[in-house]
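> Right, I'll just put the structure down here and ask away after.
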2 protein chains.
Amino acid sequence: MSRPLKVAVAGLGTVGGGTVKLLQANAALLAERTGRPVVITAVADRDRRDRGLSLDTYRWFDDAVAMASDADADVVVELIGGAGGVALKVCEAAIAAGRHVVTANKALIAHHGMALAAAAEAKGLTLGYEAAVAGGIPIIKSLREGLVGNHARRVYGILNGTCNYILTQMRETGREFATVLAEAQALGYAEADPSFDVDGIDTAHKLAILASVAFGCTLDFDAVHIEGIRHVAAVDIAFAQELGYRIKLLGIATQTEAGIERRVHPCMVRLDTPIAQVDGVFNAVVIDGDFVDRVVHEGRGAGERPTASAVVADIADIARGRNVPTFGVPVATLHAAPAAPMSEHRGAFYVRLMVLDRPGVFADIAAILRDHDVSMEAVLQRGRAPGEPVPVVMTTHDTAEAAMVHSLVKIGELGSSAEPPRMIRIEPF
Amino acid sequence: MSRPLKVAVAGLGTVGGGTVKLLQANAALLAERTGRPVVITAVADRDRRDRGLSLDTYRWFDDAVAMASDADADVVVELIGGAGGVALKVCEAAIAAGRHVVTANKALIAHHGMALAAAAEAKGLTLGYEAAVAGGIPIIKSLREGLVGNHARRVYGILNGTCNYILTQMRETGREFATVLAEAQALGYAEADPSFDVDGIDTAHKLAILASVAFGCTLDFDAVHIEGIRHVAAVDIAFAQELGYRIKLLGIATQTEAGIERRVHPCMVRLDTPIAQVDGVFNAVVIDGDFVDRVVHEGRGAGERPTASAVVADIADIARGRNVPTFGVPVATLHAAPAAPMSEHRGAFYVRLMVLDRPGVFADIAAILRDHDVSMEAVLQRGRAPGEPVPVVMTTHDTAEAAMVHSLVKIGELGSSAEPPRMIRIEPF
């Protein structure tokens, strides 16, 4: 059997602990499958508290950057987190010292992935980040290798378990976002500061990475249009159900004539699509390729053990000496595809107005939509309470985003709406 | 850019034609992603009819075995089909000549995969068969690489699109198996001789392969318990719906204390499971690993273009110089796990009797079940027509397979059933 692969783990939080556990528990299996022992030689964390892990035989570093430089390791696993700071320094130090890097850090890859990949590539090193997108689902491998023969037409998915949990709970209980968020926080399913999750930023990190791999384009986080789920109301979820849809926060990257469209926002998806059925904390990613057509991957998108599974897949590839360019092709050949602006997006829309029941309001609204070439498919109105705002819901046929947005501004200016008009895009999957 | 990878394609049927089309249409993409041109140098087929393909620049062989020996090729792609015969000779000749082999042939791998893998391994060659299981879904890659850190607990799936199409049509139209099969044959979704599909043999080929990769055990087709879908009646599908289930033909491999259980038969799965929602010709494979938990893959399990996608994934791995042992570990280290006998299976059951409405019949049936320790969960009876047999359906709690089978024999012997009792296993996914 070949020389052991030596691994240093930076960060002993949830995922770090899971990775140590997996490498210990399934050591014999990994040795059999990779043809060599995979052994931890060092760990780093600022906090030396007891974690219930057997760490005695590893060299301990309080300073993860020092470990990345100095440890006796072939691979440094960065599980500290954060879009820059120590995590970035650990990766840079590891590459400078000639070590492969494996990380679960989507923010880091979304912001610094290009530079890190170029540095790793220049030295013939691997920068693995399977765990950064959709947790345990081996989606990076499927995209880069399993579906390598396909031009991707579209990649989309449920990439944030917290949002999917909240939306699922809202549907099942009929409660509002704020209530369900508070519960999720109490249960540990949402962070004290939930912004990264519920405002769509975490999803956008992952989508930016997926888009780069799928389309061979430069990784451009700023090109992602981002909306979160704070404005999704219980009444929207009820109407969605009535119209035959589910509301999901999706990240969607599409090749269009105007360039690559990258967007994160709540979507209505038909009930009979695979993605509509993915509930709770589960993630799902759909790849639509020109030969393979639609392939759906579903699994746990976070958590100690599933994320460790993905981290170890990258380590095993390194152990086997298997290397694939970080984003599917060498960094220098990633093309700077134009970002298709959101204003040029076209699609169907769900629009909800809270209308004060005054004569003539609907005629005014209809005139605005007509003037903007927005063609209505259906109108639903529930209840009628004189003096109280009632929800009026419309769905449109295929419409230009810019026209829809302008219409909603004009409708808002009518003064007949008790709150700003709300819009959710309907996806034609 | 490196030396081109030269590919020879044996068999220009549906998948062969699709593979040629993909390698032509996406040649630039593949060169970019693999770092070298992937070029076809030779093709072989007994029939020189025009297929609408541009084949002029390739050397033509009428004899695929001669091509495997003599062509100027690094890789021979076997797309002839059949469990032995020419397909086997092509693979053997290619390996003997030092060429990598890629095949979509599940029957061949199920019966001769171990010997071919050993021969390829001895020469450091790849034997790729991603396309042999679940068509375009990159499931072999997910199992061998993406989920490499996991001990598989269970692998199961819908592995035959023809059966899934028939069962879906039966549910949607309420018609019987024979009628729907005839329609599927007319539409080209089922073969003139449908036995390989509807009797579960094709599913068993794929399951035998999946089990070997998932559990690192020797590939043993004869260890698979096989039942097809001919006995599934429209009334069963209606009862399943009423009980909250869908009927699917599944291949299931499970690690049990008695060994590895490998079985193919119609199953009832709860409506809210991902696999229940997979309809029509789609395939789905679920991997349940000790760290990753449940990962579901869904996509097209057959067809020219999806299967070509999988064939080309194997070719790309060869182009990149990436090699993984055929069944996840070297052939010599695959362990000969005992096959858990079906008689030792335990699970819940759906049982349907067509009972002649005579006094005392039910007491007799209940006594037999009691004597065999079969505990009933529910009993359903629909309709009542004196002198006519009426369906009586029972579901059981967790029961030993052997006890269930013996009970049904005894119930059949009562003479109060108008046809043999039917049983469908209920899976607790």
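Cβ from N, Cα, C; glycine included.
Pulled from TrEMBL, these are the listed features:
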- B:A10, B:G11, B:L12, B:G13, B:T14, B:V15, B:G16, B:G17: NADP(+) binding site (BINDING)
- B:K106: NADPH binding site (BINDING)
- B:E191: L-homoserine binding site (BINDING)
- B:K206: active site, proton donor (ACT_SITE)
- B:350-425: domain 'ACT' (DOMAIN)
> DSSP three-state call for B:G17 (NADP(+) binding site): helix, strand or coil?
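Where B:G17 (NADP(+) binding site) sits, the three-state DSSP reduction gives helix.
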> Near the NADP(+) site, what residues other than B:A10, B:G11, B:L12, B:G13, B:T14, B:V15, B:G16, B:G17 in the same chain have a C-beta no further than 8 Å from the centroid of the listed C-beta atoms?
B:V9, B:G18, B:T19, B:V20, B:D45, B:L79, B:I80
> Work out the three-state DSSP category of B:K106 (NADPH binding site).
helix
> Can you tell me how many other Cβ atoms are located within 10 Å of the Cβ belonging to B:G17 (NADP(+) binding site)?
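Other Cβ atoms found within 10 Å: 22.
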> Tell me the Cβ contacts of B:V15 (NADP(+) binding site) under 8 Å, same chain only and six or more apart in sequence, or just say none.
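Non-local contacts for B:V15 (NADP(+) binding site): B:L79, B:A104, B:A131, B:E304, B:T307, B:A308, B:V311.
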> Going by Cα-Cα distance, which of the recorded positions (B:K106, B:E191, B:K206) sits nearest to B:G11 (NADP(+) binding site)?
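Its closest listed neighbour, by Cα, is B:K106.
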> Go through B:A10, B:L12, the listed binding-site residues, and name the one with the sparsest Cβ surroundings, counting other Cβ atoms within 10 Å.
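Result for the binding-site residues B:A10, B:L12: minimum number of other Cβ atoms within 10 Å at B:L12.
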> Of the residues in the domain 'ACT' (B:350-425), how many are helix, strand and coil by DSSP?
24 helix, 28 strand, 24 coil
> According to DSSP, which kind of secondary structure is B:A10 (NADP(+) binding site) found in, if we only use helix, strand and coil?
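Its secondary structure by DSSP: strand.
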> Fill in the CA-CA distance, B:G17 (NADP(+) binding site) to the residue listed as 'NADPH binding site', as an integer in Å.
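On Cα coordinates alone, these residues lie 18 Å apart.
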> Round to the nearest Å and give the CA-to-CA distance linking the residue listed as 'NADPH binding site' with the residue listed as 'L-homoserine binding site'.
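It is 17 Å, counting Cα to Cα.
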